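> What TrEMBL lists as signal peptide is 1-24. Sequence annotations record features per position, and here TrEMBL assigns domain 'Ig-like' to 35-123, 130-224, 257-345, 350-437, 443-530, 534-621. Taken from TrEMBL, the feature domain 'Fibronectin type-III' applies to 628-723, 728-822, 827-929, 933-1029. Positions annotated as region 'Disordered' by TrEMBL: 709-730, 1074-1093. Sequence annotations record features per position, and here TrEMBL assigns compositional bias 'Polar residues' to 709-725. The transmembrane segment annotation in TrEMBL covers 1043-1064.
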Amino acid sequence: MMKKKSIPASKPFLILFLCQMISALDVPLDLSQPPTITHQSPKDYIVDPRENIVIQCEAKGKPPPSFSWTRNGTHFDIDKDAQVTMKPNSGTLVINIMNGGKAEAYEGVYQCTARNERGAAISNNIVIRPSRSPLWTKEKLEPHQVREGDSLVLHCRPPVGLPPPIIFWMDNAFQRLPQSERVSQGLNGDLYFSNVQPEDTREDYICYARFNHTQTIQQKQPISVKVFSLDSLNDTIAANLSDTDIYGAKPVTERQPVLLTPTGSTSTKVELRGNVLLLECIAAGLPTPVIRWIKEGGELPANRTFFENFKKTLKIIDVSEADSGNYKCIARNTLGSVHHVISVTVKAAPYWITAPRNLVLSPGEDGTLICRANGNPKPSISWLANGVPIAIAPEDPSRKVDGDTIIFSHVQERSSAVYQCNASNEYGYLLANAFVNVLAEPPRILTPANKLYQVIADSPALLDCAYFGSPKPEIEWFKGVKGSILRGNEYVFHDNGTLEIPVAQKDSTGTYTCVARNELGKIQNEVHLEIKDPTMIIKQPEYKVVQRYGQVSFECIIKHDSTLLPTVIWLKDNDELPDDERFLVGKDNLTIMNVTDKDDGTYTCIVNTTLDSVSASAVLTVVARPNPPFDLELTGQLERSIELSWIPGDENNSPITHFVIEYEDGLHEPGVWHYQTEVPGTQTTVQLKLSPYVNYSFRVVAVNKIGRSQPSEPSEQYLTKSASPDENPANVQGIGSEPDNLVITWESLKGFQSNGPGLQYKVSWRQKDVDDEWTSVIVANVSKYIVSGTPTFVPYEIKVQALNDLGYAPEPSEVIGHSGEDLPMVAPGNVQVHVINSTLAKVHWDPVPLKTVRGHLQGYKVYYWKVQSLSRRSRRHVEKKILTFRGNKTFGMLPGLEPYSSYKLNVRVVNGKGEGPASPDKVFKTPEGVPSSPSYLKITNPTLDSLTLEWGSPTHPNGVLTSYILKFQPINNTHELGPLVEIRIPANESSLILKNLNYSTRYKFYFNAQTSVGSGSQITEEAVTIMDEAMASRQVDIATQGWFIGLMCAVALLILILLIVCFIRRNKGGKYPVKEKEDAHADPEIQPMKEDDGTFGEYRLFSFVSSAPF
């Protein structure tokens, strides 16, 4: 047995598709069937009285039905009314109003009947009413004179129209009047003022009523409102008030809330199920009350509750019986509160639980029509047959009525009829037609043959098999032409013949066969299913933050089935992209050039194919420097402080971190802005300290992570009062420029530091440690004063005091200065030199008396120079060197001296004026040192067993040379060194012949000079003795022989193999005696002497011949 299943509630996306297929199960129009109403006008039909009235009634059936109408319960003979016509092949009436007819004459209740030989269907009762837009009745409107703070209600009272008009308030310029928590329009159209303010005074409060059906607007006469207070009471108003009114008037006082509407503490409200519930509370009071809503004993329904008109209106949509209850509005201000309880009852016009559905039966079958409805109060159910109450309709032995159900048994063709179910209560009615059609028909498949279905993988596949037959056919599905019947949980078989594959896979592709059979026949149909790969966005757009005027790009890279053609659409905030050339849409990206603030938002990439659609979104945040603050206000003005407040500008998506406050002194430095202070970004007021006699303007700069805003507009100016100076000049100094003067300097006060006009300075001085009176002088606004005729370098007490036209600054502190310096008078004495080594000496001297310095002691300078070298007795250009020792130091070190040399030095004292006289020159000598290396070493005239060495004396002997030291040793073919031989050579020699050397041997030589102090640095050279002639001859002869060449090649090959083996062993961790190679060229001074291993053969005795230099 195949598994059948109704449409599950959990799959709403299938409902529309399946409902379309269900409609395909209707009786084909080529078969006999009773009439069915397909279209009709609404029950309550309000028409425009200026246009023709069209009352619709369309029906289908076979044979095609005929139509008739009733009006107000009696037959409506359209042939007798020239203004009324019926459309051909239709029951729709057209009442001609535009050619002289009057709509009011055709008001009434109309009902249409469609009839053929198998039954009759009827329409709803259609109530026709022409719309009305009556004029406003004329009335005399008195001006409203209201005290400031009182409440006021301006009544609209529009004319009664059909349907009711839409109300709004405007002025003479057709501009809507602004509304707020304080002033708002009620549901009845009246304009409510919780409290009036002087700005409410005007003469053109006009209520308008718009009638949508007739597209007309009616206007009430303007209403005048005058708001007065005791402070602004003028003679005109006083003339209209009695003395009692005037003397009884009180200043504006705050009042606790009072409800303007609804009145009293409770009220009731009835609303119908499915409608919108509107509850209203408007209160008077000062300050303006705030409205809050609650439901007693429950919660306001989520997702269906809205607050309108500044929370004065509670709106609940799609109400049900569960929304019945008590709703409380609470109006509150700082003085108290008031509340009102509205008891809401939700009634219900009839609504369907189960509406009757058409029955198609074959002769002898059974069936039922069910009509179930609900409402509040519960509706009554009545049945009609072919438009006639079933109680008086012709009898049918196959029919039995059981309340809301009609039961049919063993029907015959004459049982075909149309039945009407009417469910009604005091709030309305429901009328439904359902026919019983008795037919005997073999199966039909209504779905086109070989229909192709294309479905995305992993999505449901719905294969249609719309059918008809009577009796109702059985439906079976097969995959493939000769496939087995489909069964199992992977398929769902719907009553309308549809085969559902809940999760279609690639292997679901193929041909499917639907077979319909009943007792009268069998038929089959093939459809084809293709499964496509889903469209995917493999690189989605990402959240972006970009600075204003920058560039940003969103990616949207897709993957799709190769047989589907995708289209990519970009949206901004779920709308089309702006028509702007800055937006560049590429193949897989969106680029925005020169980004502006308006580009901020959500960008969505939508990819559509014929089968699926995917999308991905990302947010673009445009950041920028803040907008400048505005509305700067100065309050709390005092002599030395003021409060500045401002309103921050837009932070442009980057929070403001701090505000910088700057000021301008328009009196002293107009146009120049100075830093005053800064405050955190959450602060918008600051208390600023002020200085006297400054014409302040302030401005504020906002700062965020992106940068600084433009400065705000300057605040108003604020001139502080003058005062005596608060401070004295800073950095007061007394320094003489000449031996007989004292120059007193200071930093002048800035303009705002003067505290008043007439800024001057009182300069005072007296000699320190002398019982003298202060000498003072008042100077203009300068920064220097020179005192002449002073003793040389004498300490003075100095002070500088600021004053202006209002007085003196506080007593200044004293500073010590000195009159001008002169050159020191005496030289340091008792100069002593202690030679530490050949390059370093220490010099001592006695300090000079401070009185002779005649200035600030800065230190001592030591001049020293080399007179001559003691080893050469030659003079050269004298280059004096200078070392400076700061302060009162009496010794110092002289580095970098040359050994074995004669030096002179002297010492001088230094002050701010310059150097004093030099001490007598002191002579000292440096001892010998080690010499430098010989200037050169040459090796010439090589023979079989001898070499000739020549050298030059050291460039810097640094003493008396005592000898030369020569060391040499042989080097074999593997660069290993042989035994070291040392020879001492007299200092007066410049060449040497070494004999008894080995032939054809390389030697390495180390050569240096010595003084009594020690050896100097060495110089090295290498040389080779020549080869024996006979041996050379034999070697040449051998080298020319072929056998020798072959032998050498074999030896080379063996060496190569040996090297490869060594390399492999070394990589495996083998060790070799490489120490000797590491020591091959080591310094002979640190190389240990080796035992004679016979490597170099026997050394001979040697002799040398030296010659003295020319």
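Placed from the backbone N, Cα and C atoms, the Cβ positions cover glycine too.
Help me picture these features in the structure, burial and contacts included.
Confidence over the domain 'Ig-like' (35-123), given as mean pLDDT on the 0 to 100 scale, stands at 94.
Counting residues 6+ beyond its ends, the compositional bias 'Polar residues' (709-725) has Cβ neighbours under 8 Å at 625-630, 632-634, 637, 639-640, 642, 644, 646, 649, 662, 664, 666-667, 673, 690-703, 749, 753-757, 759, 802-809 in the same chain.
Across the domain 'Fibronectin type-III' (933-1029), DSSP classifies residues as 1 helix, 54 strand, 42 coil.
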> Counting Cβ pairs under 8 Å that are 6 or more apart in sequence, does the total for the domain 'Ig-like' (350-437) and the domain 'Ig-like' (35-123) reach three or more?
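Yes, the domain 'Ig-like' (350-437) and the domain 'Ig-like' (35-123) are in contact.
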> Please list, for the domain 'Ig-like' (443-530), how many residues fall into helix, strand and coil according to DSSP.
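Breakdown, helix to coil: 3 helix, 47 strand, 38 coil.
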